[in-house]
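So the structure is just underneath, and the comments pick up after that.
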Amino acid sequence: MATDDKVAILTDDEEEQKRKYVLADPFNGISREPEPPSNETPSPSESAAIPEEETDWIEKHCVKINNDLLISKVFYFFFYSAYGSLYPLLPVYYKQLGMSPSQSGLLVGIRYFIEFCSAPFWGVVADRFKKGKVVLLFSLLCWVLFNLGIGFVKPATLRCVPKIPPTARPTNSSHPFTILPANSSIVPSITTSTRTREKRNLPPYDGLEMLVSEPNVTETVIFSTAPNKTSAPTLQPQTDEITDRVMDLTSHPSTAPSTPPGNTTRETTTSLVTTTKSLPSDQVTLVYDQQEVEAIFLVILVVVIIGEFFSASSVTIVDTVTLQYLGKHRDRYGLQRMWGSLGWGLAMLSVGIGIDYTHIDVLIDGKGCKPPEYRNYQIVFIVFGVLMTMALIVATQFRFRYNHFKNGENKGKEVEIPQVERNSSTECSEETPTTTSHSQAFNFWDLIRLLCSVQYGSVLFVAWFMGFGYGFVFTFLYWHLEDLNGTTTLFGVCSVLSHVSELTAYFFSHKLIELIGHIRVLYIGLACNTARYIYISYLENAWTVLPMEVLQGVTHAAIWAACISYLSAAVPPELRTSAQGILQGLHLGLGRGCGAMIGGVLVNYFGAAATFRGIGMACLVILLLFALIQWLAVPDEEEDKTMLAERIPVPSSPVPIATIDLVQQQTEDVMPRIEPRLPPKKTKHQEEQEDVNKPAWGVSSSPWVTFVYALYQIKEMMQLTRDNRASEIQPLQGTSENRESPPAGGGTLPGPCETHSDPSRNQPSPQAAAASQTQSSPARPRVEESEDQQAQPAAGGH
């Protein structure tokens, strides 16, 4: 019967909802009370096999897992776990090998430039030959091989040398730590007297040549004497305050030329004496053999260049495949990439704690120096190799669709998400001046011209400088903390705090941009950078750096989101990938690379603390200049046309990442929105300016107030100039508006496309709207506009 059939009493809407639910469920509708698809009844044994709680848990946690996205999550976790366990510690490892800050900065910074150039090349190769999976696996294999090669480099020799330089002036010498003074001479006859001999302070006698080898605290003295034939002097070591040990003693007699009568003939005796002295520990220091350090530096540089060229494209390819898996739900990319940040933080913390409990014995050439406490960083390379091998195994499960593999995405190293589909018809797009028709005429050179303007060029410069600061911090923060006796456990805690702050800023960056605007977010980022760098420069205890690590999210994640969103709003969707690629190159490529290399040179000459202080002051100067430029040269109304950023990807990755889901507010053509705006609230200054009882110009007694007031007047004059330009263009816009509401004598009715067009397109800025209000009549609400349009047919009949 129909009354017993539960499906028969469902309405059409309920039937449609049920059909959508069944199609959306990947397991065809497993619920808490499963019903058979037909009139069959399940057996009691099958019903009792799966308990109610177990079915509910499976449905919530396991049923809707996408296997493809699970592979991406696991890959990101292992890959960034390997990356985070090794690369933040590489500068400290280079320091332990004896390299200078400039050498370490070059080894770290050159990776960004090679990566920026090689990733597009391998992307084109993978797309052209349809070998994306082969290129991916080969690049991951290069990650393992070339980075493991760095970990097994033999460190340079340590030598113990005195801090006080010797009094003798060095001459040409082949060894950097060998001091060869000028030829000295002693008296022709050396007796076995017991006079004391001070350290390298021999009297200038004829026939003595002394070779001092500083690093070993060892003196090799060669005595060339011309003794008398009858009484050959005996050479004995001096034993007053210094212990001399004769290593080798050889005599090479030779016959001297004939001498005048009355003089005796002499023989030449050469003696090699090596003296070993133990100096107090406060008078000696450890140095590296510079020739060995330079050889190690060149070997690692070649390994880094070759390895980075072959391995730079791995993350770009995986980003592209992951976005293909996501399909139209590409705004969830950040949820996949977040697993990489989780793995980075956990691996860095675990490895840092583990290294603190390892020590290696160092062989020192010389005596008197205290052995340094060196860590065994080979453990880091072993962990890196294991984790990257796991990522390589996971990468074998990726599935590639080559018909969706785009060169443009790899070339720009960005994956740009298209906007919401426009619902306007073809007839409307031909007659209505939409943003799409405008963007077709917007070529690449217009993009370059736009980005070179004062408004957007200043934002690009700030993006480059923030990348410069991030590259410097990534390379030399742990270097500076180790100088303050910081441990690798501290480095791991710093990494966890910075990643937590970046994830937090990632989730709330779009809310912050919506609340205060893009430019003010850049202000806050520059101010936080200033406070952070100056604070680090005055540290005395390494652990006190932790409070400032929470600013990493503001100084990097929020800045990245604001720059991406601000520049994407300025260009049409067709050129948005190019704009984001330029920003990617300036921030992640050129910015970080310059920060590592130029920062290394500055640290080498001025020290880490002074360099942090200098970059902090530079941040303050750039903040003031940027604020002045935005205040004078950029109108306030530009902020109303910005684009809010949703789901900006986690920007802690040092490799290229995708940019996703930029939601545009003002140019949506889906449905016209009726959003009446209240008149802007006037400031106190504007009220005083409009008050007829007060003079138009008032000079304050304070010179600073007068100066600021003069700058404000200059800004108002520049604003008035723009208003005049807008008023000159306004009649053309009025003509386009008349197509929507023609005058009474027009005699033509507006078409359906003009009726539903977005009025915001005909009014590009609130400033132009204000100019039209002052020229014609006050603006009326949208409802009154529609009433006038309804009254047009009667007027058109006349």
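Cβ coordinates are placed from backbone N, Cα and C, and glycine is handled just like the others.
Taken from Swiss-Prot, the feature compositional bias 'Low complexity' applies to 38-50, 760-780. Feature annotation from Swiss-Prot assigns phosphothreonine to Thr11; the stated evidence is similarity to another entry. Under the heading region 'Disordered', Swiss-Prot lists 25-50, 671-696, 732-798. Taken from Swiss-Prot, the feature transmembrane segment applies to 74-94, 106-126, 133-153, 295-315, 344-364, 378-398, 459-479, 488-508, 516-536, 553-573, 588-608, 614-634.
The stretches the transmembrane segment (106-126) and the transmembrane segment (553-573) are not in mutual contact, being linked by fewer than three Cβ pairs under 8 Å (pairs 6 or more apart in sequence).
Recorded stretches compared: 459-479, 488-508, 553-573; the one with the most Cβ pairs under 8 Å to the transmembrane segment (588-608) is 459-479.
Counting Cβ pairs under 8 Å that are 6 or more residues apart, the transmembrane segment (459-479) and the transmembrane segment (614-634) reach 3 or more and are in contact. Long-range contacts of the transmembrane segment (378-398) within the same chain, counting only residues at least 6 positions beyond its ends with a Cβ under 8 Å from a Cβ of the stretch, are 71, 74-75, 78-79, 81-82, 85-86, 89, 93, 133, 136-137, 140-141, 143-144, 147-148, 150-152, 314, 318, 321, 347, 351, 354-355, 358. Here the transmembrane segment (516-536) has long-range neighbours at 459, 462, 466, 469, 477, 480, 509, 545, 548, 551, 554-555, 558-559, 561-563, 565-566, 609, 612-613, 615-617, 619-620, 622-623, 626-627, 630, 634, 639, 642, meaning same-chain residues at least 6 beyond its ends whose C-beta is under 8 angstroms from one of its own. Against the transmembrane segment (344-364), the recorded stretches 74-94, 133-153, 295-315, 488-508, 614-634 differ in Cβ pairs under 8 Å, and the greatest number is found for 488-508. Long-range contacts of the transmembrane segment (133-153) within the same chain: residues 82, 86, 90, 97, 122, 125-126, 296, 299-300, 303-304, 306-308, 310-314, 317-318, 377-378, 380-382, 384-385, 388-389, 391-392, 395-396, 398, 400, each at least 6 residues beyond the stretch ends and with a Cβ under 8 Å from a Cβ of the stretch.
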